[in-house]
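J.: Mind looking over this structure? Questions follow.
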Amino acid sequence: MTSATIPGLDTAPTNHQKLLSWLEEVAELTHPAQVVFADGSDEEWQQLTERLVAAGTFKKLNDEKHPNSYLALSDPSDVARVESRTFICSEREIDAGPTNNWMDPAEMRSTMTELYRGCMRGRTMWVVPFCMGPPGAEDPKLGVEITDSEYVVASMKVMTRMGTSALEKIGDDGFFVKALHSVGAPLQPGQQDMPWPCNETKYITHFPETREIWSYGSGYGGNALLGKKCYSLRIASAMAHDEGWLAEHMLILKLISPENKAYYFAAAFPSACGKTNLAMLQPTIPGWRAETLGDDIAWMRFGKDGRLYAVNPEFGFFGVAPGTNWKSNPNAMRTIAAGNTVFTNVALTDDNDVWWEGLEGEPAHLIDWKGNDWYAGKTETPAAHSNSRYCTPMSQCPILAPEWDDPRGVPISVILFGARRKTTVPLVTQARNWQHGVFMGATMGSEQTAAAEGKVGTVRRDPMAMLPFMGYHVGDYFQHWIDLGKHSDESNLPKVFFVNWFRRGEGGKFLWPGFGENSRVLKWIVDRIEHKAGGQDTLIGIVPTATDLDLDGLDISSDDVAKALAVDPAEWRNELPLIEEWFEFVGDKLPSGMQDEFEALKQRLAKED
């Protein structure tokens with residue numbers, strides 16, 4: 001099969017020679033039945049969803065409950081990011097570092113080329129041009145994903161600015177990231193397709209120097225929507241290192257005081273630590289308002305005024321469904337309720353609506369995420385998968401900040417790090433300076449969640465919530481953070497804080513109510529920036545006392561507040577060998593600044609003896 005005999009290649013709506021030659025090369029390798037350029041139109045979405053319903057991949061939901069929305073149930077083997085099959089194939093192994101899987105790029109290209117050979121037989125090869133972030137940006141980051149999955153094309157319309165407008169932005173000679181994806185399930189003539197095609201063999205591979213992504217075998221979001229973690233974190237972090245900016249696993253939140261002054265927060269939390277809930281916060285303190293600019297990824301660059309400005313490169317929310325409800329995140333529920341949403345691996349109700357654990361009103365009967373009957377009180381397994389998702393347009397969020405599409409971004413006042421820890425880490429701590437803040441982020445540990453493979457509940461170090469997403473050596477990444485702090489005067493840099501909403505008391509009870517009440521912690525942070533609030537200088541940084549927090553109207557015991565804020569030297573002594581082990585794992589590239597901060601912590605602890 002040659003490119004000349006593949007329908008659609010000869011009518012490509014572009015004169016970009018490098019793009020055209022790449023498309024021909026991939027088509028000749030993968031043997032698709034046809035090539036289609038995604039234009040991103042609503043008509044195309046309609047055709048895609050109809051095709052997906054006919055294939056059994058999508059089920060149309062009740063339009064009265066969720067208009068223009070669909071449910072997809074994946075293969076049970078294809079439900080999450082596969083970190084064990086995710087590779088950073090830098091030219092030199094040392095540049096991938098100890099946190100990434102590495103293979104020689106030539107060897108990986110050879111292996112995957114053989115997997116791709118004929119892999120799109122019987123399928124459509126979709127060409128999906130996309131733009132990460134507002135297209136009016138000074139330096140827009142563009143990409144083209146080739147995929148044989150209509151599920152991916154439909155989801156990319158929600159998650160990115162894709163289609164004809166992005167192709168026009170690339171122009172005749174613009175740079176773009178090459179993102180190649182296949183589910184790895186070729187169809188022979190007359191062969192019946194699966195509702196969720198995938199392959200037991202999976203590779204999610206990144207070539208940082210050439211800015212390429214090759215993905216094979218998985219149809220699941222993080223492995224297949226290549227604009228998401230693959231581009232906007234792994235490849236973009238390598239770009240950011242080379243170009244002097246930051247690509248981070250962070251929400252962007254706008255908090256507005258009663259005086260109508262806006263403060264912008266960028267916050268890094270590992271999966272299932274309340275990132276989306278905080279991004280769509282409903283403050284409980286009178287007079288305070290919050291708006292969202294993003295729930296997952298922030299790209300941050302220094303402006304001419306020396307401040308750090310953030311944009312969200314995404315166009316939609318790809319949120320974890322279980323636990324999302326009208327109490328924990330009413331704004332996410334309103335966003336979803338507006339429709340145009342793709343749900344994956346949640347349960348189906350008898351009236352064609354969706355349900356998941358944590359939603360109010362458990363139905364007596366459901367079809368679970370595996371397609372089986374599920375009965376309340378009888379079926380022992382969860383109805384929705386723990387990593388089930390909603391994919392929904394950002395533009396529908398009722399508290400979307402007007403600046404969400406501003407190519408200049410917003411000036412960040414606060415960088416928040418957070419994690420899920422039952423003990424040790426207080427509710428909120430302020431870093432002493434930028435380098436100390438980097439140390440806080442570099443040493444964060446969080447309990448394992450369902451969003452990635454691995455044992456749930458064990459604590460793993462997850463620096464800046466970027467452990468699975470750094471596109472280069474973790475030691476160089478820490479040094480990059482330290483170096484960026486020297487780009488500007490300390491007074492212009494965001495102030496760094498660390499939060500832990502998840503500390504527990506006796507009997508495993510959460511000490512802090514969380515959700516909207518977290519606005520009380522953010523108010524203290526704002527007051528610290530404005531030099532209006534007190535705090536205690538502790539072993540680990542500045543921590544408020546109970547009287548420093550605005551607790552008016554909150555039903556919480558003073559004992560619980562004190563325990564939530566406590567800094568226990570014995571617990572921190574237990575943490576020292578864990579930090580030491582982590583730094584030894586980072587190896588020779590650990591910056592001296594991080595070792596200095598660790599020694600300072602040890603010395604402060606020694607004085608407590």
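Each residue, glycine too, has its Cβ placed from N, Cα and C.
Sharing the features that Swiss-Prot gives for it:
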ACT_SITE  Cys273  active site
BINDING   Arg81, Tyr220, Gly221, Gly222, Ser271, Asn387, Ser388, Arg389  substrate binding site
BINDING   Lys229, His249, Asp296  Mn(2+) binding site
BINDING   Ala272, Cys273, Gly274, Lys275, Thr276, Asn277, Arg389, Arg420, Phe515, Gly516, Glu517, Asn518  GTP binding site
J.: Within 10 angstroms of the C-beta of Gly221 (substrate binding site), what count of other C-beta atoms is obtained when all protein chains are considered?
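T.: There are 23 such Cβ atoms around Gly221 (substrate binding site).
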J.: Could you state, as a whole number of Å, the largest distance between Cα atoms of any two of Ala272, Cys273, Gly274, Lys275, Thr276, Asn277, Arg389, Arg420, Phe515, Gly516, Glu517, Asn518, the listed GTP binders?
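T.: Overall maximum Cα spacing for these binding residues reaches 25 Å.
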J.: Please report the distance from the Cα of Ser271 (substrate binding site) to the Cα of Asp296 (Mn(2+) binding site), rounded to the nearest angstrom.
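T.: If we compare the Cα positions of Ser271 (substrate binding site) and Asp296 (Mn(2+) binding site), the gap is 9 Å.
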J.: Over all pairs in Arg81, Tyr220, Gly221, Gly222, Ser271, Asn387, Ser388, Arg389, the listed substrate binding residues, work out the largest Cα-Cα distance in Å.
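T.: The span, Cα to Cα at its widest, is 16 Å.
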J.: Near Asp296 (Mn(2+) binding site), which of the binding-site residues Ala272, Thr276, Ser388 can be found within 10 Å, Cα to Cα?
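T.: Taking Ala272, Thr276, Ser388 one by one, the ones whose Cα falls within 10 Å of Asp296 (Mn(2+) binding site) are Thr276.
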J.: If the Mn(2+) site is taken as the center of the Cβ atoms of Lys229, His249, Asp296, which further residues of that chain fall within 8 Å of it by their Cβ?
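T.: Result: Lys228, Ser232, Leu233, Ile297, Ala465, Phe469.
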J.: Within 10 Å of each Cβ, count the other Cβ atoms and name the one among the binding-site residues Ser271, Asn387, Ser388 with the highest count.
T.: Ser388
J.: Report the same-chain neighbours of Tyr220 (substrate binding site): residues 6+ apart in sequence with Cβ closer than 8 Å to its Cβ, ordered by sequence.
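T.: Same-chain residues close to Tyr220 (substrate binding site) (Cβ under 8 Å, separated by 6 or more) are Ser74, Asp78, Val79, Ala80, Arg81, Cys198, Thr344.
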J.: Mind telling me which of the recorded positions Ala272, Cys273 has the densest Cβ neighbourhood, counting other Cβ atoms within 10 Å?
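T.: Counting every other Cβ within 10 Å of each candidate, the maximum falls on Cys273.
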J.: If I take the alpha carbons of Ser388 (substrate binding site) and Ala272 (GTP binding site), what is the distance between them in whole Å?
T.: 12
J.: Indicate the candidate from Gly222, Gly274 with the smallest number of other Cβ atoms within 10 Å of its Cβ, considering only these binding-site residues.
T.: Gly274
J.: I need the CA-to-CA distance for Gly274 (GTP binding site) versus His249 (Mn(2+) binding site), whole Å please.
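T.: Computed Cα spacing between Gly274 (GTP binding site) and His249 (Mn(2+) binding site) is 13 Å.
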J.: Check the binding-site residues Arg81, Lys229, His249, Arg389 for other C-beta atoms within 10 angstroms of each C-beta and report the one with the most.
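T.: Most Cβ neighbours within 10 Å: Arg389.
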